């Protein structure tokens, strides 16, 4: 009897299937996420620490607020912002809005201080920027005398404290001007004496609003022409004299309307007097000293920023511009400066912020800006230091944030965009 052959294929398949089952089981175990303790989980730890920190900060703020109120009540000092509606009762040397010593409130004083701070900051930024760019370019001039004079100015202005420069301009220059009866007469430009600069005051007549509307329309046209010219140049490579066309629209259009209306403008000229000149408009010496000191001091730092930005542009750019036939002035205006702005703008923002905050030094010469009249005189009269200092700090913080936001927007506009 022949032996019975048992087929082995089934056994082989079973063994293979078993091996596959083992392999799959091993892979399943390997793919399963490891069990981690909750405190060792990075996400849980980060959220836990942030929550604990937030609770601690909130507790410290709450404790400080409670302590402050308890101390103020113990000292008999009133709290709250009701004082802003009370009568201030003191005069302000310069006000861009109507202000009356007998009826104006502390809230009005705050607005006057804010406007005085803004006017000196804005005008100072404009002057410092123009001076800084000219000085920065002059430092790189091939003319030995021009370069050395610019270098000497920058080194002197940067290394003399700003407060001392304010004192120099106020006590060393403006306080040495002649008395009102002996005023320096600049003819149609006005008078200058120890009490300030007395300039002609424009008096607009009927229909002058249309001149303002024409000016706004001219500026809008100039902006539109500039944008159209830029798009045209990017598309075709052909340049359009947008600068001259824009100036023609912004200046020519209101001038035509002004003449068509019969020139509705007269001038109130200052007239010499014994105590002070009468008529015109007055620019107080404190404003002049502060503006000149802030502008000249900040211009020295801006000059170094401009010089560094220009040196940061590759020399090959200038060589290529000269190879295309551009003159030195065209090379600087069309090739170097636009590329240098990407380097200049970020540190330039810091200088603008510094100039705005440094205007608080005006308290040393009694210029009526925010720190002087609100955080100074108003605080001394009301005694509400917490509220007044908080408002003043938030105001300067707002100025800085708005300036930074505008400069960041402009920086994004001129930033190099890859195509």
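Glycine residues also receive a Cβ, built from the backbone N, Cα and C atoms like all the rest.
Residues or ranges marked as transmembrane segment by TrEMBL: 44-62, 74-97, 109-135, 156-177, 210-230, 242-267, 287-306, 388-410. According to TrEMBL, the domain 'ABC transmembrane type-1' annotation covers 114-403.
Count of Cβ pairs under 8 Å against the transmembrane segment (156-177): among 74-97, 109-135, 210-230, 287-306, 388-410, the largest is for 287-306.
Comparison of 44-62, 109-135, 242-267, 287-306, 388-410 by number of C-beta pairs under 8 angstroms to the transmembrane segment (74-97) places 109-135 first. Of the Cβ pairs linking the transmembrane segment (242-267) with the transmembrane segment (210-230) and spaced 6 or more residues apart, 3 or more are under 8 Å, so the two regions touch. Beyond the ends of the transmembrane segment (44-62), by six or more residues, the same chain brings 38 to within a C-beta distance below 8 angstroms of the stretch. Tertiary proximity for the transmembrane segment (210-230) is limited to same-chain residues at least six positions away from its ends with a CB under 8 Å from its CB atoms, namely 204, 239-240, 242, 245-247, 249-254, 256-258, 261, 264.
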